[in-house]
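Presented below is the structure to which this report refers.
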Protein chains: 4
Amino acid sequence: WMCFCKQEFSRFPTKTGRRSLSRSISQSSTDSYSSAASYTDSSDDETSPRDKTQINSKGSSDFCVKNIKQNEFGRREIEIAEQDMSALISLRKRAQSEKPLAGAKIVGCTHITAQTAVLIETLVALGAQCRWTACNIYSTQNEVAAALSETGVAVFAWKGESEDDFWWCIDRCVNTEGWQPNMILDDGGDLTHWVYKKYPNVFKKIRGIVEESVTGVHRLYQLSKAGKLCVPAMNVNDSVTKQKFDNLYCCRESILDGLKRTTDVMFGGKQVVICGYGEVGKGCCAALKALGAIVYVTEIDPICALQACMDGFRVVKLNEVIRQVDIIITCTGNKNVVTRDQLDRMKNGSIVCNMGHSNTEIDVASLRTPELTWERVRSQVDHVIWPDGKRVILLAEGRLLNLSCSTVPTFVLSITATTQALALIELYNAPEGRYKQDVYLLPKKMDEYVASLHLTTFDAHLTELTDDQAKYLGLNKNGPFKPNYYRY
Amino acid sequence: WMCFCKQEFSRFPTKTGRRSLSRSISQSSTDSYSSAASYTDSSDDETSPRDKTQINSKGSSDFCVKNIKQNEFGRREIEIAEQDMSALISLRKRAQSEKPLAGAKIVGCTHITAQTAVLIETLVALGAQCRWTACNIYSTQNEVAAALSETGVAVFAWKGESEDDFWWCIDRCVNTEGWQPNMILDDGGDLTHWVYKKYPNVFKKIRGIVEESVTGVHRLYQLSKAGKLCVPAMNVNDSVTKQKFDNLYCCRESILDGLKRTTDVMFGGKQVVICGYGEVGKGCCAALKALGAIVYVTEIDPICALQACMDGFRVVKLNEVIRQVDIIITCTGNKNVVTRDQLDRMKNGSIVCNMGHSNTEIDVASLRTPELTWERVRSQVDHVIWPDGKRVILLAEGRLLNLSCSTVPTFVLSITATTQALALIELYNAPEGRYKQDVYLLPKKMDEYVASLHLTTFDAHLTELTDDQAKYLGLNKNGPFKPNYYRY
Amino acid sequence: WMCFCKQEFSRFPTKTGRRSLSRSISQSSTDSYSSAASYTDSSDDETSPRDKTQINSKGSSDFCVKNIKQNEFGRREIEIAEQDMSALISLRKRAQSEKPLAGAKIVGCTHITAQTAVLIETLVALGAQCRWTACNIYSTQNEVAAALSETGVAVFAWKGESEDDFWWCIDRCVNTEGWQPNMILDDGGDLTHWVYKKYPNVFKKIRGIVEESVTGVHRLYQLSKAGKLCVPAMNVNDSVTKQKFDNLYCCRESILDGLKRTTDVMFGGKQVVICGYGEVGKGCCAALKALGAIVYVTEIDPICALQACMDGFRVVKLNEVIRQVDIIITCTGNKNVVTRDQLDRMKNGSIVCNMGHSNTEIDVASLRTPELTWERVRSQVDHVIWPDGKRVILLAEGRLLNLSCSTVPTFVLSITATTQALALIELYNAPEGRYKQDVYLLPKKMDEYVASLHLTTFDAHLTELTDDQAKYLGLNKNGPFKPNYYRY
Amino acid sequence: WMCFCKQEFSRFPTKTGRRSLSRSISQSSTDSYSSAASYTDSSDDETSPRDKTQINSKGSSDFCVKNIKQNEFGRREIEIAEQDMSALISLRKRAQSEKPLAGAKIVGCTHITAQTAVLIETLVALGAQCRWTACNIYSTQNEVAAALSETGVAVFAWKGESEDDFWWCIDRCVNTEGWQPNMILDDGGDLTHWVYKKYPNVFKKIRGIVEESVTGVHRLYQLSKAGKLCVPAMNVNDSVTKQKFDNLYCCRESILDGLKRTTDVMFGGKQVVICGYGEVGKGCCAALKALGAIVYVTEIDPICALQACMDGFRVVKLNEVIRQVDIIITCTGNKNVVTRDQLDRMKNGSIVCNMGHSNTEIDVASLRTPELTWERVRSQVDHVIWPDGKRVILLAEGRLLNLSCSTVPTFVLSITATTQALALIELYNAPEGRYKQDVYLLPKKMDEYVASLHLTTFDAHLTELTDDQAKYLGLNKNGPFKPNYYRY
């Protein structure tokens, strides 16, 4: 088995790199669950789960969680999540007549939350066996992990893992007697990385990888480009439905939520500049304009700039408005979009935050100089104070506001989870030859199917083409309805 | 002194009544400050402030607060609040040339917060002497009370007063050797009530009462109607500026905030019914429509109903949509707008909450029956569970969502505080005979002045009439610009 | 009969004044019907109607219209109008059981259009006798006048009257053998003026005047102030429902329509300044913002300015943006809001127009100087060309854009007509003493009734108060629902 | 020269087919210019231009237009159009230093209007020689054709050509002594068709075809698929900028304009169903919602349906709302979207119109039955009357409302014209081998350039990447900025 390549992975995170990655992800996950209910007190028990012997009510001990006894609390959380994930529930109904994942042995590495649990239990209902671990050392909901373990899913995860724990858990998922995975569901690429590195032979049985994150997808494309990808992989990150929800629709709501929870700012009449008019920027602009803010846009791309004009926003350079705006929001994916020089010129009391990616957009490092005083006034809120007394309010230290200071609705997670489930079914059942050793986007028809499963939430009723109309349009009555390049 | 009337006050709150009033107010105040920073730990000191001897750095002990030593923390809170209350700061600048409140002895009873402190210190800067107490037993920010006391304002208030403490504090404000108030600033009417009851002679010196709350204003109108009001009173609650901000503009933002903080619900595509299309309803409708919800309106008044139609909302009876909506929001000021019968027919997972007044709009009492299970899932969030498993999500137990689950922006409080300051100046300086023993609305010109002081926040520039234009319109160049009946 | 007063009327229009008034009104009426269908060719007949002998199919000749034979065409127009005036149709149904206008002899002076015909025939159905004349020398739809005359209403009006004709027609309405009016319905005050001047004794029998126009209402208030008003008068112009529709809702649509029909301008991305943020300005701002324009507001009133801020508009002085805006729209009711100096600084290709009142807002006179060239490019559209080639596009020569260049929907006219009908019923049936010799606003309950009659158009369903709720609110179940000062 | 293929063209329009094509295009063009100024009276001259001898002031007679003497009127129209087409004017400035079209011999077939003239004169300024003819027998502005001919462009076109004239004009453009085209600019494919059919050898010199219309592009793809395309062709119809403007932004405005001009309907409170939520449907929905209509959407594609939900529209089947809606607008590109059965169930007074494509969406043919009466009430407006008196208002007989009843802003035409000019420059200057015998989309970088040239209209200022940022993003500082699959 030759496609594994050390050099390839030499660019993979070192220990330090890994730590920083894990930290940047986990920060957001932790925050995003900060408002979730916490029913059980784990603080009384400092024993590492690795040192405990636990057994579920069925007599199995093939799992490792914080406290198996918390499973009832977790079950309730899962039940509540199920109410907003009807798409997966309707997939389960399929299981009554057919088991499209019968024989599938899925090893998964994702955030372990009530919503993921609904996904995992759907996979099981469709016929799969699952072993699961966490993609983030902070984000595991211990009660949910217990509930899954209680019903027989082999979960290895708890909140507050060390880095050593992290890789130990992954290893326990993959490396088990008499069970070899034939599908991988990954979020971030760490599980895939581990298998490549430690158990390359496992890939001989693997029918496909489903990857959810930008980072993981990027790694897969690099592998593919280098000719090192040895199984088909499905990029679910770039499906239309997921993209629109993760970016446009979700940010439209989370920008308001994030700003309110941290600063209680009134939006009406505020002057705001949004840097970047991509999907995220469009969502932020729409929401703030709708609530009475006066919004300016900066752009590098003239097409997006023209869209901003037609949507009613003045397109400016940041320096033109820096002295007058009350709020700056970065949504570019770029770095140093707001520089120290610009921060120096902001008004007293103005707010600066980031909705783009990672933490590079605002040059936060430049603010960590002796003449400026930092004052932490709330969680995620710092006042940076200039020598003349001017305060600039920095949110989440320049990290992603929507992940740090607001929550992701279950409905959005449902779209992602359903896309993952369908991608697994597609790869598992695809006839030989349909998918090669490459990275694929979800077929449009399946993207449409994900969307259709979510229409019931809105009591929306699709119109069906008549035979005559389908013929006139040259379409199959069941879709796909659009060419691949369609822009939506 | 004859206008005091026992019967009149027999309708005033009894001890029990008072408690319930205090509770309904204090609940909101407490909640509304739940997200504010708390820098000092008061929990270690269980001694009642009444039993302590404290002295400020100037040697005075004419105050009673939790801990005078916390004054520096309070000072910082006040300074932060000052940044968003530039209207009051610009009023202070007047004090450099004239002291419109020189000689004024003001006794005040309001929430004691950083924002109120900015008001009080403005009154002092304008020449007034102030003694202050809290209108609510829970809402006092102890650090702020300490900061005020340190600078010489006689404050009698702390968080967590008993009812006995509450009246003791009021009494200490009014009843002091060698100082008799000549102005009253009240919020709720308790201070006014106490003076009427205990020190009716004080009214001989009082030039006027400024009252802020709906309840207090109502009491004053009753006194006036009964011929028992013995000084002029200014109703600042119904000024245009305050009304629009407290209702339309503030609710437009707080409905989103309240729903998100409690339920993380996604607004896009949700079906929502808003009961009542007054200012509060209009604000809620505008916000939810703007974020992609499908909004229905119920109304009893055909004029408001026609407005709803023209604004793009279907006007329905609640029963027409009860089975399909995801969220019900009451904004009527009425009672039993949502009945048990209707709650029985709501969808699984639907949300019901109140933005109207008090806690009468949803018939919450009807839900406290044995067959229904209540589950508290977060602060302010209850799942009410029907025997068939259906859950309805009830927020704040039917109390005001905006007070319980969101915060009021400082800017809105600034408008109220500025209105109060101007009302005090007007009453204190009015020539004899301008105001009789009656309840007055703020003169339109002063309402306009309050608005103009707040325009700087938005860097808004007013146009001035030329002499010629003023003559053409028959207006004074400095206003008032509209007739009293103008609807805005 | 002494209340008639020559001096009072010395301020009334002289012949010249009248002409200019008539012209300013008629211009708009003519334009507003420019797009209406014209089925009959009147151009072939140049004989004055006053010189013709005509007789309707019932043998009557008590009317004077262009051509009685056109009545069938007019009937069709009336029938089409009836479809959008269901409020009046439902009023007619009342006539089956009661005739609230039985015995009423109404003399009317309004625009004579299909919509007015629906009103007149409703009054007849309710028991009234009617004689009618035109309030404008250009606006009469001849076919409609014929259709009314055919059914027995004594109409004296045609399109293109001379001024002498105008007064002759009024006189023929009032001064007829064996018939004396007991109600007046006026639009502009000319009929009322004529009766005051020529037949003051008629007022002895008059139970009331219903007046619709700003000008006419202004005259009535002047009479009242001077103690010269000798009968009750109802000001229907200022009813809530009519105001909101005539201003906010109607302008929201007509600003777009007027600009498009004249200039085909694209709204998206255009920079627009709206002078004045009253109801008209609010409507214009909302529409243009909604279609992607960037809107600035100028205001003299700080309260309206603050509303503009909260609604998301920058409040500026005109001079701040004059060089950058693409469109200026005046909505102030003031004069010289846009001066020659400012017009000099506008961009090439920019548009200036007026939605306010009369033609004073833009200083059009200042543009009629030799160095500027005027070029009429379309009806209502002039290019004013500066020596350097710069063109400014002036619409409707600064007169009202909405009247000159767009149409008024029948629905809006229905609201006015229904209000007029109810005002007549109220005045005619009011017990003695309810109304004195003064000008009254429509009772709120009737305003609410007008609104309720128009809800069916929108299939809107009102909620009714329960007995318990009505008691709780202290309201009658049938209204009125709001205090008089309610701002809506 | 072998790639020409008779069979291929057997599917091309026969005479009858051509006529119907020409009619469907010309109808719209004629209407779309109905509101343009007409300064000269052509009705007095019935001589065919083909029978006239005309000569321009330079002594040339190589053109054929209605009346060369009208050239001054046409010049003025062109000058006015130039004001809104600054993108082309700035392209001309390039001509001062370089002539990218030097040596180009362009034969063009487009609508001949003031806007096209600005394009043609820009091509000339860039170095090209041009011969031009009309793509539509009705749409030529005679004065503009005269103005172009006067300056030396060989134009063969007039308003009201016969079909024989149409092909004669095309032939005169292509078939001229001593001049052979090396570039084709086509709109509809008729010119290309003629060259293929009559002068296949011409293609030996042709460097490329630029095609603008859906129909023409479709033909080109068919040729390409069949291996019959013998030169590179550029599909400018599907460039991002053009698509967004022609569909989303332009329809957002034209739906309102088209409905108002034809019916004067009030939008507020109206219930509207939009069939299809593609770009056109999205534009219509946004506009109508913004003006207070209540909008329902029908869709066949679940992804678009989900977008409609999130944007706040109820997604229904047409039959669910057919009895309650006031307006139906089709935007699907499909046929029989509104059937006779559904038209039978519409409300009295409801409006039905088409914004989609061609005239197939509403089954208009089904309404031409004896029991229904058609009444033409205005140009483009028919009342279809059922036996019970119910009227349905049909606009433009089901043809495209935006082309028939509203106008296209010059700004939108400028985007198309600039795209055409850049496509010509690109194909003419491309190094051999860059483009093969295939159909190409405009390179993204040029699409971005078109957009950037139009930003000045909005005074929009682009941000430039720093070297450091460009490196971080892996982008060239001058673009292209997005991957080809980017959805905007």
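Using N, Cα and C of the backbone, Cβ positions are placed for all residues, glycine too.
Bear in mind that the values here come from a model prediction, so they are computed numbers and not experimental data.
Taken from TrEMBL, the feature region 'Disordered' applies to C:16-59. The annotation compositional bias 'Low complexity' is assigned in TrEMBL to C:22-41. Taken from TrEMBL, the feature substrate binding site applies to C:THR113, C:ASP187, C:GLU212, C:LYS242, C:ASP246. Positions annotated as domain 'S-adenosyl-L-homocysteine hydrolase NAD binding' by TrEMBL: C:247-408. Residues or ranges marked as NAD(+) binding site by TrEMBL: C:GLY278, C:GLU279, C:VAL280, C:GLY281, C:LYS282, C:GLY283, C:GLU299, C:ASN402.
On the structure: features taken from TrEMBL.
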{"residue": "C:GLU212", "record": "substrate binding site", "contacts (Cβ under 8 Å, 6+ apart)": "C:THR110, C:LEU185, C:ASP186, C:ASP187, C:VAL236, C:ASN237, C:THR416, C:GLN420"}
{"residue": "C:LYS242", "record": "substrate binding site", "contacts (Cβ under 8 Å, 6+ apart)": "C:VAL236, C:ILE415, C:THR416, C:THR419"}
{"residue": "C:ASP246", "record": "substrate binding site", "contacts (Cβ under 8 Å, 6+ apart)": "C:VAL412, C:THR416"}
{"residue": "C:GLU279", "record": "NAD(+) binding site", "contacts (Cβ under 8 Å, 6+ apart)": "C:GLN243, C:LYS244, C:ASN247, C:LEU248, C:CYS251"}
{"residue": "C:GLY281", "record": "NAD(+) binding site", "contacts (Cβ under 8 Å, 6+ apart)": "C:ILE274, C:CYS275, C:VAL297, C:CYS304, C:CYS331, C:THR332, C:MET355"}
{"residue": "C:LYS282", "record": "NAD(+) binding site", "contacts (Cβ under 8 Å, 6+ apart)": "C:LEU248, C:GLN307, C:ASP311"}
{"residue": "C:GLY283", "record": "NAD(+) binding site", "contacts (Cβ under 8 Å, 6+ apart)": "C:ASN247, C:LEU248, C:TYR249, C:CYS250, C:CYS251, C:ARG252, C:ILE255"}
{"residue": "C:GLU299", "record": "NAD(+) binding site", "contacts (Cβ under 8 Å, 6+ apart)": "C:GLY276, C:TYR277, C:ALA305, C:ALA308, C:VAL315"}
{"residue": "C:ASN402", "record": "NAD(+) binding site", "contacts (Cβ under 8 Å, 6+ apart)": "C:CYS250, C:CYS251, C:SER254, C:ILE255, C:GLY258, C:MET355, C:VAL408"}
**Report entry** Alpha-carbon distance [C:THR113 (substrate binding site); C:GLY278 (NAD(+) binding site)] in Å
**Finding:** 30
Query raised in the report: How long is the line from the C-alpha of C:VAL280 (NAD(+) binding site) to the C-alpha of C:THR113 (substrate binding site), rounded to the nearest angstrom?
Result: 25
Report task. Filter the binding-site residues C:ASP187, C:GLU212, C:GLY281, C:LYS282, C:ASN402 down to the ones with a Cβ under 8 Å from chain B's Cβ atoms, keeping sequence order. Result -> none
Requested in this report: Pick the one among the binding-site residues C:ASP187, C:GLY278, C:VAL280 whose Cβ has the fewest other Cβ atoms within 10 Å in this structure.
Outcome: C:GLY278
Query raised in the report: Over all shown protein chains, what is the count of other CB atoms within 10 A of the CB belonging to C:THR113 (substrate binding site)?
Result: 24
Query raised in the report: For the NAD(+) binding residues given in the record (C:GLY278, C:GLU279, C:VAL280, C:GLY281, C:LYS282, C:GLY283, C:GLU299, C:ASN402), what is the largest pairwise C-alpha separation in angstrom?
Result: 21
Query raised in the report: How far apart, in Å, are the two Cα atoms that lie farthest from each other among C:THR113, C:ASP187, C:GLU212, C:LYS242, C:ASP246, the residues recorded as binding substrate?
Result: 19
Report summary line: C:GLY278 (NAD(+) binding site) -> DSSP, reduced to three states, gives coil
